[in-house]
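Comments concern the structure below.
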């Protein structure tokens, strides 16, 4: 009886209005907080300087290309102390993400838009990974903004603990999720394309507000702040941006023959394929793209594109011609003309900077970029000595980075980008 009287008193006429006023006040405060002038908010606690694995290393000098400091990094990496440093495992991340508030605070994720301009231009990301949970955490933290959207595709062959750790990280954010369908990714096969398509579909259905989609892998890292990325995307004015060039003759074998996955490897079966169901010739490119939401919608819904993708499923490395070709189909939103004058090289496209071993050399003698010391599948794994040069290219992201090969390169780049982003907030 007393409880009924209390409920009646609690929800009496004036009290109802009190709760309505309270709810309105909370909503108003939240909106004002998002749109307030950021210079009145102190983000100093989000700096990453103290995370430097060694106080002996000066990241400012590294970024300036100081030869002595870069040599110090190499020597530091050889020390027993550094090699035996504590590293977080999949299980560490599973445990840490059990308390999301603590995880977000400890890992210093940015939880508010840093500017009105960024808040008004949300970006979607597709991230394809299969191992190295700390790299995923570092990548996500470096690009994370609460107004953006993130789909993480975990290879179905990955360790269960890695998947659980990725799910744990994603569960701490309302705008981060693991793809609804996971593929068993085989190198150079259609499964790599399908992984991105799964995230495309999920991101398209999740939110209608994002402007552009950028696809990444676990060994990519940004070389621009979110604000810089937003401004570069705005300059595209709805056009897509990716590598798309005339198909070289030596790559035609890749789509003229039928391929199948045999014992975990893509194998040429020796049989000829029919001509692709397109009037557009095939163009060469890469797996990396920056595409508009309208492009994504067209790819997911257009029947001719669906037929083309079905045809491409038994070819070699379809990701290296599929997106490039779709970008040259006249009806596709944000596409380019078929004319060779519109060919776009990997150095001209902003999606990703990759240093190929066979193009490295003396820049003063015409090489596109200087040499690199460590390579994986002919691709440079960036070290601390590459950062000074790397920060002068116009690309949004670079590939590859690896904490097991050069932790300092990632740490110094991470520090630099975070400081640069927060520095813009000062009056």
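Placement of Cβ uses the backbone N, Cα and C atoms for every residue, glycine included.
From a predicted model like this one, the values you see are computed outputs, not experimental measurements.
Per Swiss-Prot, the candidate among 109, 144, 187, 342 that belongs to the UDP-N-acetyl-alpha-D-glucosamine site alongside 128, 129, 130, 155, 156, 157, 377, 400 is 187. Among 228, 279, 320, the residue that Swiss-Prot places alongside 243, 251, 254, 341, 358 at the glycoprotein binding site is 320.
Your range for transmembrane segment, going by Swiss-Prot and the list 10-32, 33-55, is 10-32. Looking just at the topological domain 'Cytoplasmic' (1-9), the mean pLDDT is 40. Neighbour density around each Cβ, counted as other Cβ atoms within 10 Å, peaks among the disulfide-bonded residues 59, 372 at 59.
In space, 400 is the closest of the recorded positions 130, 187, 320, 400 to residue 58 (N-linked glycosylation site), judged by Cα positions.
Taking the Cβ of residue 380 (disulfide bond) as reference, residues of its chain lying under 8 Å away and at least six apart in sequence are, in sequence order, 354, 355, 356, 357, 360, 372, 374, 386, 400.
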